[in-house]
Amino acid sequence: MRPPATMLPAPAPALLLLLLIAAAPLSTAFYLPGVAPNDFHKKDPLQVKVNKLSSTKTQLPYSYYSLPFCKPDTIVDSAENLGEVLRGDRIENSPYVFDMREPKMCQIICKASISDKQANELKEKIEDEYRVNMILDNLPLVVPIARPDKDAVVFQGGYHVGVKGQYAGSKDEKYFIHNHLTFLVKYHKDEDSDLSRIVGFEVKPFSVNHQFEEKWDGAKTRLSTCDPHANKIVINSDTPQEVEVGKDIIFTYDVGFEESDIKWASRWDTYLLMTDDQIHWFSIVNSLMIVLFLSGMVAMIMLRTLYRDISRYNQLETEEEAQEETGWKLVHGDVFRPPTNSDLLCVYVGTGVQFFGMLLVTMIFAVLGFLSPSNRGGLMTAMLLIWVLMGLFAGYASSRLYKMFKGSEWKSITLKTAFLFPGIAFGIFFILNALIWGEKSSGAVPFSTMFALVLLWFGISVPLVFVGSYLGFKKPAIEPPVKTNKIPRQVPEQAWYMNPAFTILIGGILPFGAVFIELFFILTSIWLHQFYYIFGFLFLVFIILIITCAEIAIVLCYFQLCSEDYMWWWRSYLTSGSSAIYLFLYAGFYFFTKLQITKLVSGILYFGYMLLASYAFFVLTGTIGFCACLWFTRLIYSSVKID
């Protein structure tokens, strides 16, 4: 009998295809197909919008107008999708209105008198290094920062509310607010017309203690510290504006326009190349090559060993030889005996299939460019909606497995599939959201959005799980390739290295090794507020994760059956699923080495969300390992002659 070809490593053409997919996001097509650019005539109004205040030290976003900044006559909230609300985005209009290609200097927005409470809030936000995020024509505001060591400019998303410092000759730390903003709008002009497209939005913030000699006359007041008529422009923060109770703060801005060779389709390159990506590329390619090599070796060893076993078993002729046989064939009468807590296993496998489908479809959309960073909240919205729709496959998978285990109460298994994982996830999310509410953060999900999530769950997901379960249960039961004995066989004493806890913990190392490099960049994008865009590489890592989970589970399952231990159902799930333990441990390592979170609530949020992510990773990888072992055991026991 020839060994099954499907266990061989990916051939060269398939590998080349994966590498081409990995390179796909490097093209400049970062936009949703069908989204048209905005063209502006000279003097057309440009409305700057303000987004949340964000901090990597607290992870708690706040509304822009929670601080005593200048407000427009009427504050208008922009329409936001589900993903934006869950991310804590709060996009509103602002008093900053420019005229296209019309530079302005020393424009006064307002004068604000700071109360005791407002001064404390400003100092707290400056202490926690909060940044102000703004948007112009769907482009986030960035601060250019020169890097002398690399003779290059890097860009920081948003500008800091203020800075801490000391006056010359003083050791007392003071808080200074950035009250003067020098904006630079870069545009690409059409050669055949007067139309322009915005391709860059930068700012340099300054702290200036503005003075005026005449009577205060609002925006018409002539400042002595910033007066273009007297050639006085703000170029430094030598006379900073201190945050003091009862002291007036005058907010001003300059805006300049600069023609750029950057085309509209490439305008996001600046944001996506914020970090040094050479290390990124080298690390990921290196990691993937190692994992592919290991997977190939494991697959070849398995094929050679199995081929020898099956040939030997099929050549046994005499009854004496058959009685002397050892190894995995000996447990053929028990290997398909339903496990303990089989209902729970069915539920977790169904949920894992749901996760697998969601990630696969989401990544395909992302690789094709539908979920670019320019579409704020699009990724999270897509994941939620696809998760809900994949309930159909969750119900189908759990009921098919349940019927194979001779179960009859399909409605019971359906309810557990529909409510177990989503219920636990929603419970953790609700507790964390209550903590965010307690901090009065704009990151708290409002009641209306919470109701929409529950509606998606009960109104769409649960019915789809029922439909899938009904369809799965109507199908004939999956029959095992060998008969199961009525009396369970006694499992012989196992060697120490076959201890379930030991093999399960060992089994999770390789799948985690396949993703941990990419995990660093994913955590950085989430917790350090950077853009993640290399979805092609992520898709490649996902494929490698599937291969490693399947192969490590099959190898350890094979060793387990060879030692005449037939209780493989749960162990196959836990073997690859244990990679979630390493993921959570790595999240703890990342927290203490890369993040500067000091607040207790922020720490609870971090570990709460990472616990949820690790739980989801457990369900996903466990299901992949289980399905691989189910296919493997059915394959090998159908390949030998059983008397």
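Cβ coordinates come from backbone N, Cα and C, glycine included.
Annotation source TrEMBL lists signal peptide at 1-29. Annotated transmembrane segment per TrEMBL: 281-303, 345-371, 377-397, 418-438, 450-473, 502-528, 534-561, 573-592, 604-632, in sequence order.
Touching of the transmembrane segment (534-561) and the transmembrane segment (345-371) is concluded from the presence of at least three CB pairs under 8 A, sequence neighbours closer than 6 excluded. Pairs of Cβ atoms less than 8 Å apart link the transmembrane segment (573-592) most often to 604-632, out of 345-371, 377-397, 450-473, 502-528, 604-632.
Proximity of distant same-chain residues to the transmembrane segment (604-632), defined by a Cβ-Cβ separation under 8 Å and at least 6 residues beyond the stretch ends, is recorded for 59-60, 345, 348-349, 351-353, 355-356, 359, 421, 424-425, 428-429, 431-432, 435-436, 507-508, 511, 527, 545-546, 549-554, 557-558, 568-569, 572-581, 583-584, 587-588, 591, 595, 597.
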